[in-house]
């Protein structure tokens, strides 16, 4: 089936009388309740469950192997190839399945807040709550924009269609397939809404570099003087917490592009983790979960319909989706100038990386490519040994192109705009996990504030003997002793041993970048 035939079949489907186009939030909430897809919370949010898939399914994600894009994709475990004929057969089956439904829901909008770089998208949903989710997460068009809207990419999401691996060429019943030639994302077998969001992010990660725009998995905010800061970091490093600052306005919490004009948010909403959420800890997120927000896998108290954010029975990965406009302190539209500061966040459970260090351009590229943090493996079974995790460019699951392309773009932009870059360790101090303690949030906030406000630009620094990083000798509001990891360990020999152990893990991980300019590792990596 060629692209024309596929397009015809889709337009035939979208003309059916039972297809609802561009419903409002209130209409979608009514549909969700009427169809028994979810329940209303005491604030008017919609609470839903996603069945057995409570997170992304990276092993079920494919990119169609097509002549026009084949040479540009970094094929492997992240970007698994699928034959065009396999995709087309499955596409046909999914559309036949959707033709038999009583109701379908279509949203048209945009990915990318910069009008010159945005991608017009449409999303076709089997579930009303999924359509509400994309309405809140992507950029909603004005009436004029809707009248001229020509979708450049279509997401078709049919969670109740289960693939048959023996027949359909998939690994399981679930599948997330991107075809760049057919400008289509096909999702089935999973109800987890994050797949729709991250599929479009993967699409933008492929398309934006063609326009000289760097796509980034980061949060971004702007100060009173218009100074922009970016925060990169893997899950659990403090990206959302540290970029939410009463003195700075939020541009976005997760996905951004950096063009020759500056920074823009790719999305129109937030998809915030909400396990253990409280108004005291995260007032902006807590208060944003109002009418029309979507709560995924959050348990409600039966009588009051009040969410119990501390209950991780279904998953620790509970989520809230809401539009950016639900937050008071935002930049609207979500565009800003070039960043003056970039912060890489890591939670080092080995307790050896400095709490803050200034990076050279080569070190910035090295640590961007490394994407290091650590996770605590199996603590519930009494295994307390931390595990080093490396996720290239702080977003490996969403990068269709070779990582080096993104790193080189970052390096060029840092040099061009004279951006200061810091590595901030929000993890352990005074010893590894189990011996030391977690870095105090008040100290981390003080360090980030000093970095972003330019207070560390001319400060005296000391070189870390193992990682070669420039550690500020003084940071306002932080004891000097805390700044140098070896000073916080009682056993200096144990510190050196552990630091060398982590340095070796960095080296081993970096071997996969054999084709990169050797000066990046030589000037950017550990000294030992």
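Cβ from N, Cα, C; glycine included.
Residues annotated as substrate binding site in Swiss-Prot: 56, 192, 198, 319. A coil conformation is recorded for residue 192 (substrate binding site) in the three-state DSSP classification, outside any helix or strand. Sequence-distant contacts of residue 192 (substrate binding site), defined as residues of its own chain at least six apart whose C-beta falls under 8 angstroms from its C-beta, comprise 50, 53, 54, 55, 56, 57, 296.
Here residue 237 (ATP binding site) comes close to 345, 346, 347, 373, 426: these same-chain residues lie at least six apart in sequence, with C-beta atoms under 8 angstroms from its C-beta. The ATP binding site annotation in Swiss-Prot covers 198, 217, 233, 234, 235, 236, 237, 238, 239, 240, 241, 282, 319, 444.
Counting Cβ atoms from all protein chains shown, residue 198 (substrate binding site) has 23 others lying within 10 Å of its own Cβ. Residues or ranges marked as Mn(2+) binding site in Swiss-Prot (evidence: sequence analysis): 198, 217, 254.
By the criterion of other Cβ atoms within 10 Å of the residue's own Cβ, the least surrounded of the binding-site residues 56, 217, 239, 319 is 56. If you check the binding-site residues 198, 217, 319 against residue 233 (ATP binding site), the ones with a Cα inside 10 Å of its Cα are 217.
Shown in sequence order, 55, 193, 194, 195, 197, 271, 317 are the same-chain residues outside 56, 192, 198, 319 whose Cβ sits within 8 Å of the Cβ centre of the substrate site. Of all the binding-site residues in the list 235, 239, 241, 319, the shortest Cα-Cα distance to residue 254 (Mn(2+) binding site) is found for 239. When the Cα positions of 198, 217, 233, 234, 235, 236, 237, 238, 239, 240, 241, 282, 319, 444 are compared pair by pair, the longest gap among these ATP-binding residues is 29 Å. Other than the site residues 198, 217, 254, same-chain residues with C-beta atoms no more than 8 angstroms from the centre of those residues' C-beta atoms, the Mn(2+) site, are 197, 201, 255, 395, 398.
A simple Cβ count within 10 Å picks out one of the binding-site residues 235, 241 as the most packed, and that one is 241.
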